[in-house]
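Participant: Please find one structure pasted underneath; my questions will follow.
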Amino acid sequence: MRIMIKGGVWKNTEDEILKAAVMKYGKNQWSRISSLLVRKSAKQCKARWYEWLDPSIRKTEWTRDEDEKLLHLAKLMPTQWRTIAPIVGRTPAQCLERYEKLLDAACAKDENYEGGEDPRRLRPGEIDPNPESKPARPDPVDMDEDEKEMLSEARARLANTKGKKAKRKAREKQLEEARRLATLQKRRELKAAGLDNQRRMRKRRGIDYSAEIPFEHKPATGFFDTSEDAYTKPSDEEFIGARGVAKEDMEGTRRADIEDALRKHDMKTGQVNERHNLPDHVQHVNEMNDPDTYRKRSKLMLPAPQISERELEELAKMGAAGTLENAEMDASGATGTLLNEYATPRGPGATPMRTPMRTPKSQGDAILQEAENLYKLTRTETPLLGGENPELHPSDFTGVTPKRKVVETPNTLMTPRATPGGSTVGGETPRLGSHAVPPSPSVASIAGSTPLRTPIRDGLNINDPDSLMVGSSAREEKAKNKALKSELMSGLADLPAPKNEYQIEVPDGGEAEEEEEDDEPMEEDAVDIAARRQKAAEEAAALEFRKKSKALQRELPRPISVEGVVDPARNRGKGREAEASRMIDAEMGALLTHDAAKYPVNVKKDKKPKLVPEIEDFDEDALAAASALIKEEAEVVRTELGHTGTTKDEYDAVWLTCLNDILWLPEHKAYGRAKNATNSQCLASVQGDFERSKGEMDKDAKRAAKLEQKVMVLTAGYTKKAEELTKQIQSLWEDNDQARTQLQCFKTFAHQEDQAAAPRLEELQKELEVQREREKTLQLRYETLLAEQEEKVQVAAVAAA
């Protein structure tokens, strides 16, 4: 019995199946994913995804910042690789492997550590204990039968996006929807018929939580008296003592809580995107983890410039000029003492022999020192045994992340330098040789002068030293100018008398060197090469077009098949004319065959190109000469036949007559003249033309139907929307028409009301006047009656008394 032990090296096929399965089933159904892989378990599939195939895993080289962070966190949290990994941005296996490599490099005390002799490296025959974090092995050309079966089964299962369960669920959902619609339609019909179809609610024992509120206390009707609820603000001590307020309530929301909430929100959003659209999520993660976009460029820390661009140009020009003059002139000549050496300054504060290639090395590499510290700590004995503590390199523990050290370039102006023309250092003999000039005493005598910029190599005192000094007064300036003038006069007086001797030296080999330089080819620019190649290609295409036949140049119609165009039995006679006709027919047949193979009329995509037969290639001069001979012969024939005065219209008429006289004869499968053909042959030719035309019409009809279907698919939505808009426009037009009618009616009513308002106002005014008169009369009568009543009361009172 064969026992299959799952595991081993991962292959490329298994990786691709695992990726497709994760895209379909997600990252929680590992048992279902592992069922697609015969040789892998669910745990191994999960480890392979989270340690190698996950797009969020960074597989680039470790940077120096990552190494420093890894060593720092390893010292803070030893062996807690799952906690360190998300902080560093790597997997736990990558962190552990890099940590061990750094420890090995620290043990070997070599910065350029090579892992060729790594004891952890697998030897031939050994089994990899952690194959999930290694690259996949390429697939063999001849795969095993079980691998082929696994691949075909995985392809079939992954392609089946709707299985039996999904179909059953969809069918049940459709039946439930149909049942609901049927019940709803039945209730509507019963209600329309006037039948009572109220649903009888089943009585429940107890409380129906969907219909009532349990233990509800209804408030009393009327207004609630709030006079007893007068609020008095307690003091802070009473408030804290009564409630026990926590520190978070007093300080408010912390920044860490806000970051945790945002992080949870991002994780939730990522899970939703991963669940609904996994391919886009994987692409987004790949873009985020791309080193070109993810890695931030470190800031370039450079000190402020100490020398300006003008000063650098002056130094370069002076150094180049001094080197050239020393090379061209002999120092032993008459003018040798007048030159100075500008390449390297002399005296105190001179430039060193060479510029250091890099910043002076520090006490050691920080990463290597941290790795050595960790290696010594891991090999330290327990303190119970006693002994000395290991000697560790100084390190920084002021924070969770390592402290960055910025190396600055030292300021050259802060270093004491020799001032040109200044005095020498005490106890040092001044150097006055053939290549030096005594310094100016005026500049050396200035006390407290400070150099303004970088000293310049000026052995002959050509530059003005005043531009390098600051702090001189007007009196000192006047004394300095006077001293310089006297120094110049004494120097001119000490010059030797002129000897008027000249030496002319002819250079040897100058012309030969120039000729050799002219003979050297100049490297051509890439743009010129591309332009030259394009021009050559265009000229070759133009030449090929000119060598084509006239039918191709003029884009005339050509026969689809060359067979039967040239009849070999047409010129079977003897003689020079027949031989010439046979040669012309052979050349024409070869040319037609070549054009049909190289430039086919109907090009099909799936059809293989035909083999192009070779024909003789003539140059343009030969073709032009042949064309001239043909034109000359045509003129001779036209003259002999008397067609020299034929106009273009006559030629077109004759051409149309000859063209209409030619018919295709299906019996002979060749073209013939209509005059020589019988009625049956003419009928067959016309019938063939009709069938061809009908076939073309059918093809065009099918093509038009397909195009119409495509247009209907593309414009169905627009058509429906146009119909809806048309209905809306019609409805709006009707509403507008009705509103116009109402407006016109209201205008008519308003006009009529305006006309009838004046008479009605007059009538109302008259009625008002009548009412006023009546009111006055009634008021007078009322007053009279009141007076009579008072009199009667008085009379009655007197009578009673």
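Glycine is no exception: its Cβ is also placed from the backbone N, Cα and C atoms.
Automatic prediction, not curation, is the source of TrEMBL annotations.
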Participant: If you check TrEMBL, which stretch out of 263-282, 343-362, 383-402, 503-522 is marked region 'Disordered'?
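Facilitator: From TrEMBL, the annotated region 'Disordered' range turns out to be 383-402.
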Participant: When TrEMBL marks a stretch as coiled coil, which of 602-661, 662-721, 722-781 is it?
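Facilitator: Of the candidate stretches, TrEMBL labels 722-781 as coiled coil.
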Participant: How does the model score the coiled coil (722-781) in terms of mean pLDDT?
Facilitator: 94
Participant: What is the number of residues in the domain 'HTH myb-type' (58-107) that are helix, strand and coil, as DSSP sees it?
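Facilitator: Tallying H, G and I as helix, E and B as strand, the rest coil: 37 helix, 0 strand, 13 coil.
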